[in-house]
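Pulled from TrEMBL:
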TRANSMEM  54-74  transmembrane segment
TRANSMEM  80-105  transmembrane segment
TRANSMEM  112-133  transmembrane segment
TRANSMEM  153-175  transmembrane segment
TRANSMEM  206-226  transmembrane segment
TRANSMEM  232-249  transmembrane segment
TRANSMEM  256-274  transmembrane segment
TRANSMEM  280-302  transmembrane segment
REGION    329-354  region 'Disordered'
DOMAIN    361-595  domain 'ABC transporter'
Amino acid sequence: MKRTPVAILAAGVALAFLPQLGLPAFYDAFLYLVLHWVVLATSWNILSGYSGYFSFGHGAFFGAGIYTSANLMSRFDWPFLWTLPVAALVAAVLGVALGAVVFRVKGVRGELFALLTLAITFVIGTIVVNTPLDGGNGVSLAAVAVPKIGPTASSTFYLLALAAAVATLLIAWGIQVSKFGAGLFAIHDDEDAAEVMGVPTFRYKLMALAISCALAGVAGGIHALFLSYVTAGEVFTITVPLTVVLMSVLGGTRHWAGPAIGAVAITGLLYSFTAADHAVAGKALIGAILIAAILFMPDGILMRVQRLWRRSPALPALPLGAGGAEGAGPLQAHGDGTGPVPSPQPAPGGRGSQAQAEVLLRVQGLSKSFKGVRALAGVNVEVRRGEILGLLGPNGSGKSTFINVVSGHYTPTGGSIWFEGRSLDGLPAHRIAGSGIARTYQIPRPFGHLSVLQNVAIATMFGGAVGDPATANRLAMQWLEFTGLQDKAMARPDDLNLHQRKFLELARALASRPRLVMLDEVLCGLTPSEIDEAVALIRRIREQGSTIVFVEHVMRAVMALTDRIVVFNHGELLAEGGVRDVMQRPEVMSAYLGQVAHA
Ligand SMILES: Nc1ncnc2c1ncn2[C@@H]1O[C@H](COP(=O)(O)OP(=O)(O)OP(=O)(O)O)[C@@H](O)[C@H]1O
């Protein structure tokens with residue numbers, strides 16, 4: 001069994017004996033509040049810290065839990081403990097209903113998402129006040145019996161919050177080290193790139209929101225009875241979201257334990273000042289600490305401590321598996337069918353034999369317009385299994401748009417796409433990736449907070465359907481060996497030069513074991529010797545079985561690599577055929593080569 005969950009459980013069991021010491025109720029109440037904020041901050045972090053969708057609506061879900069439990073207890077005489085699962089469910093359903101709408105709108109990210117979730121808090125608060133749920137007078141729970149879990153009522157609340165905190169931390173840890181967590185971290189850094197690499201972004205965000213809300217709902221349910229009298233004016237405020245954001249940012253949002261550390265620090269400080277009758281001074285001090293933390297520890301206390309511990313300032317927290325290279329085994333000579341093994345047979349349809357090869361990708365009448373700009377105007381293209389098809393054309397002729405539409409990054413305006421005989425029409429990008437198509441970006445788009453190894457491991461997990469992060473890390477290491485980046489496995493993408501970043505794009509594309517790879521100007525910006533290296537690598541990619549669509553302006557690479565070319569001009573197919581034949585044609589010379597000659 002893994003050490004972390006055992007440690008969390010052991011700490012939980014040890015803390016459960018605290019009430020046996022017979023401490024004054026004051027300490028029970030203080031510890032209850034600490035654990036209460038641990039649950040709230042950690043649950044917030046599961047969506048907002050991991051995926052980067054900063055929510056200011058946590059008060060709404062917490063409040064939904066409070067009012068669900070309060071009403072079930074006061075109106076329907078439900079036993080307190082029975083109300084907790086319902087509080088979790090109501091909060092989760094509320095979150096899913098919100099996410100199902102909001103997560104579909106691409107524009108609602110960042111600050112817009114934060115503002116929208118805050119607005120939801122006030123809307124729900126207004127509804128609660130103006131309905132019998134609260135009625136404007138609040139709900140009194142003075143008559144509700146506190147279950148006898150601990151020796152006293154205050155110790156019961158402490159034990160309930162402890163159980164909720166242990167469960168929440170275990171869930172947060174489990175998500176962080178899982179494939180699900182890796183997908184959330186990828187969404188955090190570049191949602192569109194994550195989707196194109198096979199991460200089901202919509203489903204993952206919805207799942208994270210549902211879990212986050214359910215845990216907040218449980219915290220709310222417990223807190224309702226702890227308060228014994230609840231009013232909407234105190235529940236549906238900005239205080240809850242603001243506090244959990246501060247706690248998580250202080251502790252560190254990229255680690256399951258970060259928000260808990262922040263919660264302990266801030267609650268402890270606030271309480272010690274309140275107890276000493278210096279509440280205002282306490283709040284001012286916390287403000288100062290937060291400003292200092294944001295300035296000097298922008299990744300949070302935990303990350304800073306981890307860096308000092310490892311004496312490696314560049315090393316980020318490792319969300320995948322047991323932690324980066326430790327999980328990466330030695331390169332397997334022939335792998336298990338998912339790593340970069342040499343193809344036992346020559347690739348079907350090498351140079352000169354494409355006429356007989358099966359059609360892998362068929363694109364018919366494909367068009368794409370951007371508010372009046374016709375980027376693709378009904379092109380028909382066939383890509384044959386095993387070939388390297390060059391996609392050429394002057395600037396703005398629609399080459400990148402072709403890749404963007406086929407990979408699902410953009411929805412086409414018209415036409416149809418068939419891959420291995422199956423229609424891709426209407427499929428989301430992650431399902432297109434899952435069906436065996438990978439792409440690189442003209443300007444590399446690595447996940448900036450993840451290591452080079454983790455970047456590739458994500459492609460292995462989602463495009464390559466590897467479920468276990470440790471296996472994904474091992475396979476990712478093989479792809480780094482294949483592209484010559486093995487020495488950079490633990491570096492951040494920011495530490496790579498352009499050449500290495502382009503090769504990282506290639507490694508990520510290959511790691512999903514695609515049957516079709518679309519390379520968008522991978523040679524752009526490279527030196528002549530780097531281009532030679534890349535050309536050799538692309539040959540090796542074809543040799544190990546992939547079909548390649550190759551968008552490129554570097555003509556010597558096009559000449560060296562392609563079996564056939566198609567030429568676009570103004571979003572239309574201008575010519576196609578053998579590279580030497582097509583490039584001699586006058587219409588191509590004037591459209592494409594003419595422009596290059598004048599460039
Ligand atoms: N997201 C977008 N919004 C608006 N217009 C776009 C968008 N993407 C592409 N276009 C337009 O579509 C046309 C085709 O662009 P595209 O990037 O596909 O050309 P390209 O052949 O790849 O060019 P280059 O060789 O310079 O990369 C251009 O006029 C471009 O301005």
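The backbone N, Cα and C atoms fix where each Cβ goes, glycine too.
Remember, it's a predicted structure, so these values are computed and weren't measured experimentally.
The stretches the transmembrane segment (256-274) and the transmembrane segment (153-175) are in mutual contact, each linked to the other by at least three Cβ pairs under 8 Å (pairs 6 or more apart in sequence). A contact between the transmembrane segment (206-226) and the transmembrane segment (54-74) is present, since 3 or more of their C-beta pairs, 6 or more residues apart, lie under 8 Å. Taking Cβ pairs closer than 8 Å, the transmembrane segment (112-133) reaches residues 53-60, 63-64, 67, 71, 94, 98, 102, 139, 232-233, 235-238, 241 in its own chain, all 6 or more past its ends. Across 153-175, 232-249, 280-302, the stretch most heavily in contact with the transmembrane segment (54-74), judged by Cβ pairs under 8 Å, is 232-249.
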